[in-house]
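*Asks:* One structure follows; several queries about it will come next.
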Amino acid sequence: MKSIVAIVGRPNVGKSTLFNRIVGERRAIVDDMPGVTRDRNYAVVERYDKPFILVDTGGFEPVTEDRMLQQMREQSLLAMEEADVILFLMDAKQGLTPADNEVASMLRRVDKPVFYVVNKVDGEKVENEAAEFYALGIDNMHTISAAHNRGIRDLLDEIMALLPDEPLPGEDEVTNIAVVGRPNVGKSSLVNRLLGFERVVANPVAGTTRDSVDTFFTCNKKRYCLIDTAGIRRKGKTSQKLEKYSVVDALKSIERADVALIVLNAEDGITEQDKHIAGYVYEAGRACVFVVNKWDTLEKDNKTIGKFVEQIQYEFKFLAFAPIVFVSARTGQRIHKVMEEAAEVAEQYSRRVTTSELNRVFKEAVEAHHAPLHHARRVKFYFATQVGVKPPTFAIFTNQPDGVLTPYQRYLGNRFRDAFGFKGTPFRLLFRGRERKTADGRERKLSKQ
């Protein structure tokens, strides 16, 4: 496991801005509304050849009656517990607050390195005012401006000095799994059930998860990163600026994923939004599993599952290869099947086929059904080879790449899927012209007809 560095502090002190500054890209949503980051947000960062996991947390309010703020406080406590190093961030412009004193008092009892960091120090006047934070009884304080990249390098240098020179043992390749779906279909509840503890703030209010939240975990000796995304609405439905950020972030999470768990609500059936979301997954070329949640709420007979499967396969013809799991995140019904299917489709997503086996199937397909003539010329095929994975990608060499029309491409694709399965994963066929040699031995590419 990599070392973990957690950023904690009151709401709206600039934790997400600092997180984004260190990561080097806009990963957490930044907005002036307190409580924007509700869950822990993870990113892998490497500096001086030392990789570590940076954690952004929701605002920490030591005493509050607000249920959401209480849940955010619990998430911050979990982050502090799992961290190797803690960055306690405060706000120079707001000054030292009673809540800061409460958090500092709690951190004094923590047996791990704590960096006391005062943010929003944008000038000499503010620098002088920041001296009041020494009243916390600390010996060393860092003054920074995350928004203007002031003092960040020195802070990072001190952090890196505390981290191991070599990655800790047990680092394996991580499979990224994005949990996607409409708002309030139970994505966060599903994540919490899969992980076995309340990793993500689960709340019945639609749109609770605003950021895409990463969680690293191990299942059957394999490493995974589970990405809980904000609910994706259609463009016309995203009125608030913050919600638009969340939708964009969710789409980016699909791009980062190897596998997408497309969560459907059994109570609602299949909606147009569900089809749009599945379309995003298909266009991104990701492996996927349909997870039909809230299955416990339906009255069922021995034909209910069959009818639902038929409906999914009809509405999502373009993802007909995806397995379907019927679960209840609330009761835990069949939850174990989700990771079983996700692990299997992830393996298929990275699968390689031997060249000999590939060409045997390819030759049989071509001999069984020749490609139509193109511009009165016969389309000749030479050989096929696998050129990539995630998804599996095959190059097919022919005398007329443009002459292999869509119906014949589908035919070859169906023959490949019949032979190799590729459960839960798309694959790509690339048609390329083969190079020929001229009389003097030089190679030339076939001209396209």
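Counting starts with 1 at the first residue shown.
Placed from the backbone N, Cα and C atoms, the Cβ positions cover glycine too.
For 3-167, the entry in Swiss-Prot reads domain 'EngA-type G 1'. The GTP 1 binding site annotation in Swiss-Prot covers 9-16, 56-60, 119-122 and is backed by sequence analysis. The domain 'EngA-type G 2' annotation in Swiss-Prot covers 175-350. The GTP 2 binding site annotation in Swiss-Prot covers 181-188, 228-232, 293-296. According to Swiss-Prot, the feature domain 'KH-like' maps to 351-435, an assignment based on sequence analysis.
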*Asks:* Looking only at the domain 'KH-like' (351-435), what are its DSSP counts of helix, strand and coil residues?
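*Replies:* Counts, helix then strand then coil: 32 helix, 23 strand, 30 coil.
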*Asks:* So which of the binding-site residues is most packed in, judged by how many other Cβ atoms lie within 10 Å of its Cβ, out of F60, W295?
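*Replies:* Most Cβ neighbours within 10 Å: F60.
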*Asks:* Taking each of G181, N184, K187, T229, W295 in turn, which of these binding-site residues have a Cα lying within 10 angstroms of the Cα of N12 (GTP 1 binding site)?
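*Replies:* Taking G181, N184, K187, T229, W295 one by one, none has a Cα falling within 10 Å of N12 (GTP 1 binding site).
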*Asks:* Among the binding-site residues K15, K187, which residue has the fewest other Cβ atoms within 10 Å of its own Cβ?
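*Replies:* The binding-site residues K15, K187 were compared, and K187 has the fewest Cβ atoms within 10 Å.
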*Asks:* For the binding-site residues G9, G181, work out the Cβ neighbour count at 10 Å and name the residue with the minimum.
*Replies:* G9
*Asks:* Please report the Cα separation of N184 (GTP 2 binding site) and T57 (GTP 1 binding site) in Å, rounded to an integer.
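*Replies:* Roughly 22 Å, rounded to the nearest whole number.
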*Asks:* Could you state the whole-number distance in Å separating the C-alpha atoms of F60 (GTP 1 binding site) and K187 (GTP 2 binding site)?
*Replies:* 24
*Asks:* Spatially speaking, which of the binding-site residues G181, K187, T229, W295 is closest to G9 (GTP 1 binding site)? Use C-alpha to C-alpha, please.
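*Replies:* That would be T229, the closest of G181, K187, T229, W295 to G9 (GTP 1 binding site).
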*Asks:* Quick check: of the binding-site residues listed here (G181, T229, W295), which one has the Cα closest to that of V121 (GTP 1 binding site)?
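*Replies:* It is T229, whose Cα lies nearest.
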*Asks:* Which one is closest to K15 (GTP 1 binding site) in space, judged by CA to CA distance, out of the binding-site residues K187, T229, W295?
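*Replies:* Sorting the binding-site residues by distance from K15 (GTP 1 binding site), the top entry is T229.
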